[in-house]
């Protein structure tokens with residue numbers, strides 16, 4: 001194992017009865033990395049997290065932590081802690097005692113416990129809350145206590161199972177940035193589980209997209225968003241226009257009965273492909289100047305942009321633009337070569 005790799009999953013599978021929840025999973029996580037498992041309900045992301053934590057055992061394959069298999073190592077003997085969506089705080093203990101709990105189990109000196117707890121409460125911006133009851137805290141404050149309690153034991157890996165799911169939208173956005181900031185300050189590896197694409201794109205160094213127990217794509221947020229590997233990823237990560245196309249030859253693709261310049265190479269001549277164009281990458285121009293033109297069938301204001309639907313021949317295009325257009329207007333559409341993404345058609349189960 002390379003020095004910067006903390007944990008590696010090799011051919012890991014998990015079955016419930018005859019059904020695979022995770023099948024032949026291969027990936028590694030680097031030290032100090034923020035990695036996110038992203039996918040719909042039932043994709044296997046929480047099961048994978050539970051196998052890493054030790055709450056579940058793989059039926060096949062190996063989980064390697066710092067060069068040693070931990071398949072049968074019990075959870076309390078792994079240098080791994082977990083924060084759950086339901087924070088599982090001890091309501092009969094105040095904030096200080098909740099955070100100190102793991103250190104007391106280790107029977108550390110009281111002076112050391114106090115120093116470590118104070119350091120963690122300062123890190124999560126809860127200094128002065130030591131004597132507060134956990135029941136008196138807001139959801140965001142309870143979240144911080146749970147994170148401090150998990151981190152005070154100095155794990156090498158922190159697992160977070162949809163910990164922001166119970167928070168309101170504003171607080172969730174704040175906590176996304178705060179979690180990333182904590183991870184960077186401490187230099188600890190985080191593995192985060194979510195079905196929320198925005199959370200994954202905002203916080204992660206690496207995203208693992210899962211569907212029905214198999215990896216669809218592993219990459220940076222930019223790679224996952226801009227260069228989806230298949231139709232499932234393109235549909236799951238944000239809004240996309242996905243069309244049937246034909247790759248005529250390198251740098252030329254045909255869709256919607258028009259030929260476009262693109263930047264893709266390596267396809268067979270006249271190969272059937274899927275074409276992905278993000279709504280924000282479509283330019284609205286005059287009907288005469290557009291490569292495509294059509295009629296506006298809806299225009300809804302979304303706050304930062306209008307979501308516009310345009311009927312072009314037999315295709316309904318979705319466009320995000322700050323320009324106001326009216327239903328019934330005839331407009332032109334233009335797409336730059338860099339904004340056309342070509343994917344090979346794959347025989348995969350793409351339904352979430």
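Including glycine, each Cβ sits where the backbone N, Cα and C put it.
Look at Swiss-Prot and you will find 7-237 tagged as domain 'ABC transporter', backed by sequence analysis. Feature annotation from Swiss-Prot assigns ATP binding site to 39, 40, 41, 42, 43, 44, 45, 46; the stated evidence is sequence analysis.
Note: the ATP site is recorded as 39, 40, 41, 42, 43, 44, 45, 46; in the same chain, 195, 210, 211 also have Cβ atoms within 8 Å of that site's Cβ centroid. Annotation note: residue 39 (ATP binding site) sits in a coil segment as assigned by DSSP.
A helical conformation is recorded for residue 46 (ATP binding site) in the three-state DSSP classification. Listed binding-site residues: 39, 40, 44. The one with the lowest count of other Cβ atoms within 10 Å of its Cβ is 40.
The number of other Cβ atoms within 10 Å of the Cβ belonging to residue 41 (ATP binding site), over all protein chains shown, comes to 8. Taking each of the binding-site residues 43, 46 in turn and counting other Cβ atoms within 10 Å of its Cβ gives the largest count for 43. Every protein chain considered, the tally of other Cβ atoms within 10 Å of the Cβ of residue 45 (ATP binding site) stands at 27.
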